[in-house]
């Protein structure tokens, strides 16, 4: 048995290893250096860092759909009114700001249009925040929390109206400084002058919507629709204010074509005040930026109109 096995193994053709033909002495130093190298252990984080250096950062945003990129409002209407003066009529005495009451009618408000046309992503994050707060505070606690937020915002706007009106009641306005919101906007108020409207209603006759704006005044020499906002979290960028820019340009478009106003506005300002008194963030919107947001507002208004028509069609007679 041993002989036959030996004969069989001897009869097989020996397979040649190509590495045996390499001049090992020539490459011994290189092999030794590679084997002796001990680099840091690779982790998922280090691999992502290497990929980022080689190929650039990973994009976490989904690319917009082609039809969304090319969307143009079908209800196009100009934001600015060429027949209107850019400056309010100058008078010798102090101008009393307009304060037109909002008439409740079937015309939708700017707030309603924006609420009814939120994206699915906006609805998801809003609902998630709500459920998280309810989990933390309970149903009753969350109701009390939202009620307090509304009350604080109302008191903040009332204090601002007292400060900005010609018959200003500084005592009443500054009594609320302990809340922090008025303290937060002190550096903004220094640049606000020439108040033309306070808590005044606007209506766009052609596009059929109404709204109640906070303030129209000059900010650093530019006549602006000013929207005062309160927040518990910092909002240093305009994109942190979500749909607020659309609200501002909606008011601008309405005031520029509302017969109750003799002037037109070409700029906007969103001021985010903080309860702890930290400096508010001003977000100035120039003419070009306002025009961009105006196109987006028209799309939202168009979407709202289509939804309302579909609902009316589905309603039984």
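Note that Cβ sites are derived from N, Cα and C of the backbone, with glycine treated the same way.
Small disclaimer: the values here were computed from a predicted structure and weren't measured.
Noted in TrEMBL for the protein shown:
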ACT_SITE  214  active site
ACT_SITE  227  active site
ACT_SITE  229  active site
DOMAIN    166-302  domain 'PD-(D/E)XK endonuclease-like'
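In this model, the domain 'PD-(D/E)XK endonuclease-like' (166-302) carries an average pLDDT of 92.
Between the listed active-site residues, namely 214, 227, the fewest other CB atoms within 10 angstroms of a CB are found at 227. With a 10 A radius on its CB, residue 229 (active site) counts 19 other CB atoms from all the protein chains.
Sorting each residue of the domain 'PD-(D/E)XK endonuclease-like' (166-302) by its DSSP state yields 50 helix, 48 strand, 39 coil.
In this structure the C-alpha atoms belonging to residue 229 (active site) and residue 214 (active site) are separated by 10 Å.
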